[in-house]
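*Asks:* The carbamoyl phosphate binding site annotation in TrEMBL covers B:Arg55, B:Thr56, B:Arg105, B:His135, B:Gln138, B:Gly271, B:Pro272. Positions annotated as L-aspartate binding site by TrEMBL: B:Lys83, B:Arg176, B:Arg230. The annotation domain 'Aspartate/ornithine carbamoyltransferase carbamoyl-P binding' is assigned in TrEMBL to B:3-147. Annotated domain 'Aspartate/ornithine carbamoyltransferase Asp/Orn-binding' per TrEMBL: B:163-309, in sequence order.
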Amino acid sequence: MSKILIRGAKVLGGEPQDVLIDGEIIAEVGTGLSDEGTVVVEADGKVLLPGLVDLHTHLREPGREDSETVLTGTRAAASGGFTAVFAMANTFPVADTAGVVEQVYRLGQEHGYCDVQPIGAVTVGLEGKKLAELGAMHESAAGVTVFSDDGKCVDDAVMMRRALEYVKAFGGVVAQHAQEPRLTEGAQMNEGVVSAELGLGGWPAVAEESIIARDVLLAEHVGSRVHICHLSTAGSVEIVRWAKSRGIDVTAEVTPHHLLLTDELVRSYNPVYKVNPPLRTERDVLALREALADGTIDIVATDHAPHPHEDKDCEWGAAAMGMVGLETALSVVQETMVATGLLDWAGVADRMSVKPAKIGRASGHGRPVSAGEPANLTLVDTAYRGSVDPAGFASRSRNTPYEGRELPGRVTHTWLRGKATLVDGKLT
Amino acid sequence: MQRHLISAADLTRDDAVLILDTAEEMARVADRPIKKLPTLRGRTIVNLFFEDSTRTRISFEAAEKRLSADVINFTAKGSSVSKGESLKDTAQTLEAMGVDAVVIRHGASGAPYRLATSGWIDAAVINAGDGTHQHPTQALLDAFTMRRRLVGRDAGLGQDLSGRRITIVGDVLHSRVARSNVDLLHTLGAQVTLVAPPTLVPVGVHTWPCEVSYDLDSTLAKSDAVMMLRVQRERMNAAFFPTEREYSRRYGLDGLRMARMPEHAIVMHPGPMVRGMEITAEVADSDRCTVVEQVANGVSIRMAVLYLLLGGNEPAVTHTRTTEEK
Ligand SMILES: [Zn+2]
């Protein structure tokens, strides 16, 4: 493998530096590095970050290859600057055995656009009745450490307790989709002023908050670690903040869309805005940004949820829930967190690479940009501004809420262990 | 007037008064030996009902036929709408058939809005009830009934409902009728009070242009009209209230309660009435109860809406008389 010299990049947003990649690792970081025998990438004031890591991606393979495959999903990830994604277990069949997780893991390795770390189901078939073979999935070639019934809540308190206890044996974490099922029967959108007017079934904040409150207490009681998926309300932030102050081992994620969009958009009845948990209010959005900035919320995760056109081109009630997010995540974070002064680029690297890798135990990712580290890197043209055009997405699905919306920032290059997966905005 | 009628909230005061006045003209047609106008001859209107509602469909059909439109009834009940493709597919079929207006009833809130705004179809869309969202022609016929009874048939022309006090009682949470009425009555200048047990009032109601009370008895004496909503018995099983009897005792309208209303006050119900729980037979059969009038008024209102949406530029009545003289 040849040497690559990234010249004049603002590493983590700092002063321009040169970064020399040799093979799979970063050989040198400094100023005025020699370009002899290298392929030069003129970074010209662009920001260089460690490759992004997404702890919450839906790749749909196996089972719904019409929405996304491991190949199209990892190409979308590389386009968005990601070098590792954690693939959720709600596939068909469900990723609840060593066989399924190994298949997904291997596909990721074969395609080579992005490391795919499968997430294992907590319960068999996501049915909440019986623990899946968590140990076997951990011991498989996929080395699963994150377990989640995402899409569904592990709502049975005893089941949740057992899962939390069980994964302690191998340092696993249970990632909870916090949604009290009885309180959200028939739920279509955030319960509040807008749902009252539109006559759409309400998804109350308390349905999320009550589960989070219960789970942090369970985690404390059994001395385990719990991760909260796509936290979406101001009340949830307060509970997590309280739990952390008490020393409970809880981490939490927020999606880009919950940092930017509100339930006012549902007035359009356009199902592109239908997502679970639902878009909340302005007050929630501001609380989430604040919490991501102060570290109460640890990471940004996309909840990339591809759906084919026909599942969204219909009336609201019949539409599937979810949005694609891999290719717009960094832009939305720049818009909501960097442009607002809440985070600097080092902070973005922390929330979108370092911490998610740490929570998921992806040891080769989220590393410092320094000599000797794996060359998982992302180069961002932060001065760019342009409107989102889903026609250019690498994802097989186009269900983005940002179509036609102007957002800042564009990932121009992505390197996975020294191999370019994205060059000048084009996939290799 | 806009091209579609999706929500009562979309109507301005002047739009609403124009519809009521036009409906007054339309009502005269019903008094004639031949109850038909040639106004919409050659226009095709589809009644697209994804949810069963014989009353509403027949009312629209009567209105369409009195205006001489060609009517197609499409009942999608039983066809699978779970994947949601059928609305779009059906819309495109209708578009291909050159339909001028679609009257749609759908179980999903927002379906008519989607139909009108998604580019699937070019026809005018009239919402005949969507989920728990809106039922604008119901609100219009209710307002029409109130104006006739409280202001007067001829005296009402050009008038709104300023200063009238309307109480709406029952399952507000699941009621498109309540939502539509709150919007329209507010636009028409009336003061609305919603009365229900707290379990049947939506979170977020505080932003609506109305008052909310949990106590029926305290509102009766100052109501010009009391509108009783239908309460479905299955709500009881979902713990919205403890028992049918308790609901009746606290929120049902019986003779005793009716006696506390002012002399001129009327009792309304969108129908069909379930006698016993929300309204007693004594009240339902009294001459203060306008249920039967509401049904008749529904046809006049729907004629007016169809006429105005499908390009009625001249006053309906002038048009009517000229064609009649031929
Ligand atoms: Zn989820």
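Each Cβ is built from the backbone N, Cα and C atoms, and glycine gets one as well.
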*Asks:* Which one, from the binding-site residues B:Gly271, B:Pro272, has the smallest tally of other C-beta atoms lying within 10 Å of its C-beta?
*Replies:* B:Pro272
*Asks:* So if the criterion is CB under 8 Å to a CB of chain A, which of the binding-site residues B:Thr56, B:Arg105, B:His135, B:Gly271, B:Pro272 qualify?
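*Replies:* The answer is none, since no candidate qualifies.
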*Asks:* Could you check the binding-site residues B:Arg55, B:Arg230 and say which one's CB has the most other CB atoms within 10 Å?
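*Replies:* By the 10 Å Cβ neighbour count, B:Arg230 comes out on top.
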*Asks:* Which residue counts does DSSP yield for the domain 'Aspartate/ornithine carbamoyltransferase Asp/Orn-binding' (B:163-309) in the helix, strand and coil classes, in that order?
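*Replies:* For the domain 'Aspartate/ornithine carbamoyltransferase Asp/Orn-binding' (B:163-309), the helix, strand and coil counts are 62 helix, 24 strand, 61 coil.
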*Asks:* Where does B:Arg105 (carbamoyl phosphate binding site) sit in the DSSP three-state scheme?
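*Replies:* Looking at the DSSP assignment, B:Arg105 (carbamoyl phosphate binding site) belongs to a strand.
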*Asks:* Provide the number of Cβ atoms within 10 Å of the Cβ of B:Arg105 (carbamoyl phosphate binding site), excluding the reference atom itself.
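*Replies:* Its Cβ shell of radius 10 Å holds 25 other Cβ atoms.
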*Asks:* Over all shown protein chains, what is the count of other CB atoms within 10 A of the CB belonging to B:Gln138 (carbamoyl phosphate binding site)?
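*Replies:* Summing over all protein chains shown, B:Gln138 (carbamoyl phosphate binding site) has 25 other Cβ atoms within 10 Å.
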*Asks:* Given the binding-site residues B:His135, B:Arg176, and counting only Cβ atoms in the protein chains shown, which has the most within 10 Å of its Cβ?
*Replies:* B:His135
*Asks:* Per DSSP, what is the helix/strand/coil residue tally across the domain 'Aspartate/ornithine carbamoyltransferase carbamoyl-P binding' (B:3-147)?
*Replies:* 65 helix, 27 strand, 53 coil
*Asks:* To the nearest Å, how far is the Cα of B:Thr56 (carbamoyl phosphate binding site) from the Cα of B:Arg176 (L-aspartate binding site)?
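*Replies:* Between the alpha carbons of B:Thr56 (carbamoyl phosphate binding site) and B:Arg176 (L-aspartate binding site) there are 14 Å.
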*Asks:* At its widest, how many Å does the recorded carbamoyl phosphate site span between Cα atoms of B:Arg55, B:Thr56, B:Arg105, B:His135, B:Gln138, B:Gly271, B:Pro272?
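*Replies:* Output for carbamoyl phosphate binders B:Arg55, B:Thr56, B:Arg105, B:His135, B:Gln138, B:Gly271, B:Pro272: max Cα distance 17 Å.
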*Asks:* In this predicted model, what is the average pLDDT of the domain 'Aspartate/ornithine carbamoyltransferase carbamoyl-P binding' (B:3-147)?
*Replies:* 91
*Asks:* In whole Å, note down how far the CA of B:Gly271 (carbamoyl phosphate binding site) lies from the CA of B:Arg176 (L-aspartate binding site).
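*Replies:* B:Arg176 (L-aspartate binding site) to B:Gly271 (carbamoyl phosphate binding site), Cα-Cα distance: 13 Å.
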*Asks:* Sorry to bug you, but what's the C-alpha spacing from B:Arg230 (L-aspartate binding site) to B:Arg105 (carbamoyl phosphate binding site), rounded to the closest Å?
*Replies:* 18
*Asks:* Given B:Arg230 (L-aspartate binding site) and B:His135 (carbamoyl phosphate binding site), what distance in Å do their CA atoms have, once rounded to a whole number?
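*Replies:* For B:Arg230 (L-aspartate binding site) versus B:His135 (carbamoyl phosphate binding site), the Cα atoms are 14 Å apart.
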